[in-house]
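As recorded in TrEMBL, the features of this protein are as follows:
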- A:16-262: domain 'Glycoside hydrolase family 65 N-terminal' (DOMAIN)
- A:323-676: domain 'Glycoside hydrolase family 65 central catalytic' (DOMAIN)
- A:Trp358, A:Asp359, A:Lys589, A:Gln590: substrate binding site (BINDING)
- A:Glu487: active site, proton donor (ACT_SITE)
- A:686-747: domain 'Glycoside hydrolase family 65 C-terminal' (DOMAIN)
2 protein chains.
Amino acid sequence: MTLRTMEVAPWEVRSSELNPQHKRLVESLTSLGNGYMGMRGNFEEYYSGDSHLGTYVAGVWFPDKTRVGWWKNGYPKYFGKAINNLNFAKVDIYVDGQRVDLYTNQVSDFHLSLDMQHGILTRTFTVFGVKFTVKRFISLAVSELAAFAWEVVSVDGKEHQVQITSYLDANVKNEDANYEEKFWQVLDTQVSEQSSSLSMQTVPNPFGIEQFIVHAQQTFAGNFSAQASAASDLEVSNTFVATVEANKPAYFEKFVVLTTSRDYADLAAVQQGATKIAQTLAGQSFSDLYAAHAAKWEQRWHLADVQITGDNDTAIESQQGIRFNLFHLFSTYYGEDARLNIGPKGFTGEKYGGATYWDTEAYAVPLYLALAKPEVTRNLLVYRRQQLAQAQHNARQQGLDGALYPMVTFNGIECHNEWEITFEEIHRNGAIAYAIYNYTNYTGDTSYLATKGLEVLVEIARFWASRVHYNPRVDKYMIHGVTGPNEYENNINNNWYTNTIAAWVLEYTAQSLAQFPRPDLNVSEQELAKWHDIVNKMYYPYEPELQVFVQHDGFMDKDLRPVRALSKDDLPLNQKWSWDKILRSPFIKQADVLQGLYFFGDRFDQATKLRNFDFYEPMTVHESSLSPCIHSILAAELNKEDKAVEMYLRTSRLDLDNYNNDTEDGLHITSMSGSWLAIVQGFAQMKTWNDKLSFAPRLPHIWRGYAFHINYRGRLIKVSVNAQQVSLALLEGQALTLSVYGQELTLEQQLTVPFGG
Amino acid sequence: MTLRTMEVAPWEVRSSELNPQHKRLVESLTSLGNGYMGMRGNFEEYYSGDSHLGTYVAGVWFPDKTRVGWWKNGYPKYFGKAINNLNFAKVDIYVDGQRVDLYTNQVSDFHLSLDMQHGILTRTFTVFGVKFTVKRFISLAVSELAAFAWEVVSVDGKEHQVQITSYLDANVKNEDANYEEKFWQVLDTQVSEQSSSLSMQTVPNPFGIEQFIVHAQQTFAGNFSAQASAASDLEVSNTFVATVEANKPAYFEKFVVLTTSRDYADLAAVQQGATKIAQTLAGQSFSDLYAAHAAKWEQRWHLADVQITGDNDTAIESQQGIRFNLFHLFSTYYGEDARLNIGPKGFTGEKYGGATYWDTEAYAVPLYLALAKPEVTRNLLVYRRQQLAQAQHNARQQGLDGALYPMVTFNGIECHNEWEITFEEIHRNGAIAYAIYNYTNYTGDTSYLATKGLEVLVEIARFWASRVHYNPRVDKYMIHGVTGPNEYENNINNNWYTNTIAAWVLEYTAQSLAQFPRPDLNVSEQELAKWHDIVNKMYYPYEPELQVFVQHDGFMDKDLRPVRALSKDDLPLNQKWSWDKILRSPFIKQADVLQGLYFFGDRFDQATKLRNFDFYEPMTVHESSLSPCIHSILAAELNKEDKAVEMYLRTSRLDLDNYNNDTEDGLHITSMSGSWLAIVQGFAQMKTWNDKLSFAPRLPHIWRGYAFHINYRGRLIKVSVNAQQVSLALLEGQALTLSVYGQELTLEQQLTVPFGG
């Protein structure tokens with residue numbers, strides 16, 4: 001059940017329909033962000049229909065008291081909530097005294113377009129004989145800046161009075177707040193004829209979490225005349241008027257500068273910080289500021305763009321899909337601030353809460369490694385290093401050694417409050433370590449590993465060494481009581497994936513310590529010996545007859561059936577079945593054993609991968625947005641083109657076509673990397689194991705060709721694939737030895753091999 | 001860590017200490033109830049110290065919205081809360097204008113005594129030169145009646161003015177309400193010079209649950225003079241005064257009649273009902289009403305008393321303990337109303353919520369069978385039959401056939417909101433069936449089984465038949481995803497106890513259907529054949545080397561250790577360890593495999609019981625109040641006297657000595673049956689399997705002797721045991737063949753065999 005609300009275009013997300021039923025969905029799709037702040041595609045002016053107002057500032061959150069389960073020791077005391085920030089886009093527009101409200105007005109000439117190449121949202125509409133063209137962007141050049149511009153012109157030959165009141169509105173709530181909580185109190189308001197400002201702070205909490213101060217100020221340009229200004233308890237406003245005639249447009253520009261206590265010490269400093277930034281921007285018009293912003297987007301695309309060509313709709317749909325995903329990923333995170341991470345909804349919604357999931361390390365890190373400078377990814381690793389003390393706290397909460405990185409967090413302290421996840425989905429602690437390996441192996445830069453990296457690895461290794469237990473009956477180490485990546489199983493024993501990544505962590509940490517000795521970390525010979533013993537005697541469930549790894553103990557005892565044996569009415573399981581039935585069924589939410597075969601692909605041969613893929617994929621319902629990409633990558637490797645394409649299409653346009661029927665709540669930011677992984681690691685079979693770059697491109701039948709950029713060890717490489725040939729162009733950096741279809745080649749400027757090798 | 005606040009006495013719970021630190025604990029211990037309503041041992045008059053005010057009316061509750069987990073299909077929409085009712089005991093007392101408040105006043109001559117033989121609570125204290133003697137009871141003779149009496153006398157030779165204002169106060173809240181909810185709205189108040197009344201109703205709820213109306217009215221007697229009356233939004237009151245002198249006591253009596261919409265159609269009927277009852281009581285003094293009440297208690301004890309003799313403190317402690325437990329059980333439930341059940345806290349607290357747990361069937365039914373007329377127990381069964389439709393609903397919520405009785409409920413709809421319990425602790429559905437067997441086998445009355453009983457059994461059998469799955473790899477039926485009685489394991493597979501009771505239900509239902517054909521229940525030959533197949537091919541985990549039943553799949557893979565290997569600091573686990581650590585440990589909360597050996601004791605030989613006891617008991621922490629009794633019974637059977645005594649002492653005085661450090665929240669009502677079971681089924685080894693009554697009494701070294709009453713198939717038998725002999729006296733009913741120490745005997749009036757047979 002997909003729903004496509006926007007037209008298909010290579011660089012645009014656009015629509016000429018104004019359908020109140022799809023308002024929330026379209027708002028999600030047309031969100032804007034710059035890593036520092038962002039907002040959903042809400043209309044600036046009053047809209048009386050259903051809408052999900054959302055403005056978010058990265059790293060500004062609230063700890064919401066845990067209401068259940070706290071009677072079990074080790075439970076988090078609060079759940080970190082991404083909170084709705086002040087509505088700084090808000091305006092109220094009157095034409096000849098009539099309020100503009102696209103829900104009730106007679107509207108013509110409506111167009112909405114998000115230009116992904118330059119990061120600008122444009123909207124036109126005509127009401128009461130007046131045509132409005134509204135543009136906005138959240139600046140990549142000046143993080144604290146959001147800019148808005150209205151062009152207003154009469155189109156009915158008459159003269160019209162247009163009044164615009166521009167607000168900073170602190171009267172906001174979270175949609176997902178169970179108890180209608182208010183998270184904000186206003187500290188200060190200031191108004192003058194030509195500007196106004198509002199400072200607010202999160203309400204007190206009993207958990208010692210910072211009460212964030214957010215300050216915003218608005219200034220204006222254009223040819224409207226200032227008429228009034230006002231301040232009330234929760235908002236400030238400035239009102240402007242203009243008379244518009246045919247062919248004589250009036251212009252109104254609004255600039256918002258937003259600063260927070262994350263960057264400044266106190267209220268005064270937060271306010272001064274904003275004023276200083278506003279001063280540097282003074283005199284620049286909307287188009288000046290936009291030019292600087294657009295140039296930054298062009299730089300990003302220069303490093304990262306993917307092009308897809310073809311003869312049919314699928315190609316252009318794919319083209320739009322991959323750019324849409326990269327656009328929103330980059331809008332959410334581009335590594336500027338190592339205190340931030342990649343939230344599950346970015347700036348497009350508030351569901352799930354928390355800012356950081358293992359999705360970052362498992363799915364986003366490989367993408368950022370290839371599409372941005374190494375520093376961007378390195379900051380994601382530094383983020384975890386900065387939260388090491390909190391991860392140690394999390395482990396102690398469970399009575400365990402070392403460090404346990406959280407399932408969900410803002411500040412490093414676990415805040416997820418379901419025991420089967422919090423206490424049990426500990427494989428996440430492997431992915432954090434894997435990202436260190438991934439960064440080191442991809443970039444060739446061992447300096448992070450040798451310093452901060454090992455500090456994190458040793459503590460994760462210590463966690464695993466205390467979390468396993470020895471079973472003398474079979475002379476093996478086991479890991480009981482876990483939830484694997486397949487969250488449709490809870491509290492299972494010996495999840496193959498978890499056991500695999502746990503042993504790998506111990507092995508990699510020991511190797512790395514040998515390579516980069518760190519006596520300061522106090523890893524004794526005895527401790528190392530214990531790690532080796534665990535690695536050597538780890539138990540891996542295996543089914544000898546079918547020769548497959550067993551997802552976990554007892555899995556083979558289930559009523560094993562393929563998804564195709566189900567009725568259509570049973571799907572999706574998470575909406576149609578009781579949790580009891582889901583848990584007992586053999587059906588798999590997302591790659592589990594296969595996630596291990598993906599992470600450690602160099603350790604398993606094709607036959608092993610094939611047997612496991614053929615055993616598990618038919619039982620997989622892909623009800624996690626993180627599932628299809630891993631399956632697409634493996635299917636491509638195993639030359640299962642149809643399956644690879646099916647899975648790719650599901651990940652590529654998940655939000656654009658509203659596959660999961662929940663995009664209205666916000667975009668699936670962290671899983672957006674999946675479509676890129678499916679193209680580059682899947683169709684192009686890019687591998688980077690053991691310091692070697694290699695490709696073995698496939699060409700899915702839905703396309704004529706595709707091309708993408710890779711940043712690898714100081715080079716920028718463009719890879720182009722079509723049915724005739726695979727071309728590699730070295731756009732930046734020095735010559736490089738790599739392999740294409742198993743053939744070792746040196747890329748100097750350009751090289752071309754026949755398609756298929 | 002025990003805490004004994006009350007003196008040891010055979011029929012009394014008394015203290016002369018007024019320690020504010022133990023106020024809540026003492027309030028729990030001195031609760032009163034009559035099955036219809038009850039209250040904690042709160043002081044009637046104002047008390048400014050810490051106290052847990054609690055007045056409860058059976059079957060009056062409120063559905064509290066589920067705040068977590070509802071996103072999983074099949075979750076209950078609300079949690080049923082036992083709510084605090086209007087405070088009808090409340091008075092305010094002034095002596096010469098000084099307010100009586102035992103928290104701040106200079107108090108002398110304080111005594112508090114609960115007379116368990118007659119169900120009356122007496123308190124004396126002297127303040128401001130005046131001695132008060134306060135008595136109260138909740139009537140067994142007239143369920144709707146609570147009566148209070150004050151005797152006030154000057155003890156300092158002076159004359160004093162005493163003023164008593166008596167309230168009905170609807171301004172009450174639940175202590176455990178997360179959000180400070182108010183559950184009540186007042187509908188009507190009426191006051192006259194000599195009486196007043198208040199009618200209130202639970203606030204609206206969105207779940208279609210009845211808004212209960214509760215009405216109370218107070219009238220007075222004695223030689224105080226009426227002075228004033230008043231009504232406000234939430235309370236009504238009457239004020240009385242008297243002048244007291246030395247040796248000329250003044251008397252004040254307060255009678256409360258409370259009726260509810262559970263028994264009357266609407267507000268007018270509820271009010272008229274109370275008025276009618278009050279009219280029948282008019283003219284009777286406190287002592288008249290008390291006499292009728294006390295006679296009822298004496299009748300109950302006549303059927304049920306247990307006597308323990310000995311040379312040391314333990315004997316009298318045991319004596320008090322068993323009577324205390326029986327007193328509170330009978331105060332909670334005596335079978336008068338088949339719409340009610342035995343709540344976990346009775347009328348002594350509000351924790352846990354819900355009214356009905358499987359505790360009733362597993363622990364309370366055998367006690368009521370022996371200590372009361374069969375109708376009392378039969379009403380517990382009828383209760384479940386009346387909720388069959390709701391149990392079918394619960395099963396459908398999980399996508400299963402038949403009926404699933406709830407873990408916690410008021411109205412039959414499951415309201416527990418942790419998936420690992422709600423969805424998984426389904427062994428409860430076996431205990432419901434087992435109680436039908438138990439009733440039938442104990443009483444010899446097959447009429448319930450043949451009618452209502454089979455209607456319940458068939459639906460429970462259908463549940464199990466749809467809940468198992470067939471595993472073709474081993475040609476066995478399995479039950480995955482359960483939580484056994486040992487709640488320190490969640491979501492396990494093939495819990496031996498659950499599999500055992502499930503197969504037993506199918507077997508017993510099929511047998512009963514054969515004996516009492518019920519074509520109206522539409523059990524087809526095919527369905528019966530399926531049940532037989534499941535019974536024949538049920539999988540029971542077994543460890544051949546140790547020859548023990550395995551608690552569940554994978555249990556033997558744990559780091560198996562005895563509790564004695566733990567440090568004292570680790571205990572109790574549920575307070576010291578994280579939930580993660582508890583789940584992964586081998587430690588057992590309460591009898592699990594052993595619960596099965598207890599229920600089906602006739603199917604297993606002593607050697608089997610011994611091997612399993614010796615394997616599991618050392619790993620058991622007994623952190624459920626339901627655990628020690630089962631272990632005591634089995635230990636007695638296996639001649640492990642020390643263990644039997646240790647376990648008995650733990651169950652007998654659990655609340656009196658505050659073993660679990662939580663008695664301040666209320667008494668452990670449902671587990672109170674455990675001490676009786678330990679004496680009768682344990683020390684006396686009473687068995688009733690297969691229509692035969694037998695005894696094989698042991699005598700624990702802590703006692704010189706013990707005696708108890710048994711109602712069995714129309715007889716009242718007194719069994720007395722001492723080191724010389726076992727005597728059986730037939731107090732009522734016809735001669736009976738029974739067995740003592742394996743010897744078949746006929747009991748006509750009295751028979752005696754040497755101790756030990």
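Glycine residues also receive a Cβ, built from the backbone N, Cα and C atoms like all the rest.
Spacing of A:Lys589 (substrate binding site) relative to the residue listed as 'active site, proton donor' is 6 Å (Cα to Cα, whole number). Per-residue confidence over the domain 'Glycoside hydrolase family 65 C-terminal' (A:686-747) averages out at a pLDDT of 97. In this structure the alpha carbons, written CA, of A:Gln590 (substrate binding site) and A:Glu487 (active site, proton donor) are 8 Å apart. Fewest Cβ neighbours within 10 Å among the recorded positions A:Asp359, A:Glu487: that distinction goes to A:Glu487. Residue density at A:Lys589 (substrate binding site): 22 other Cβ atoms are found within 10 A of its Cβ, drawing on all protein chains shown. The substrate-binding residues named in the record, A:Trp358, A:Asp359, A:Lys589, A:Gln590, extend over a maximum Cα to Cα distance of 16 Å. Around A:Gln590 (substrate binding site), a 10 Å sphere centred on its CB holds 24 further CB atoms from the protein chains shown.
If you draw a 10 Å sphere around the CB of A:Trp358 (substrate binding site), it holds 23 other CB atoms from the protein chains shown.
Note: the CA-CA distance between A:Asp359 (substrate binding site) and A:Glu487 (active site, proton donor) rounds to 14 Å.
The record gives A:Trp358, A:Asp359, A:Lys589, A:Gln590 for substrate. Within 8 Å of the mean position of their Cβ atoms, the other Cβ atoms in that chain belong to A:Ala362, A:Pro485, A:Glu487, A:Ser624, A:Leu626, A:Ser627. Secondary structure of the domain 'Glycoside hydrolase family 65 C-terminal' (A:686-747) per DSSP (helix as H, G, I; strand as E, B; remaining residues coil): 3 helix, 37 strand, 22 coil. Taking only the Cα positions, the spacing between A:Glu487 (active site, proton donor) and A:Trp358 (substrate binding site) is 14 angstrom.
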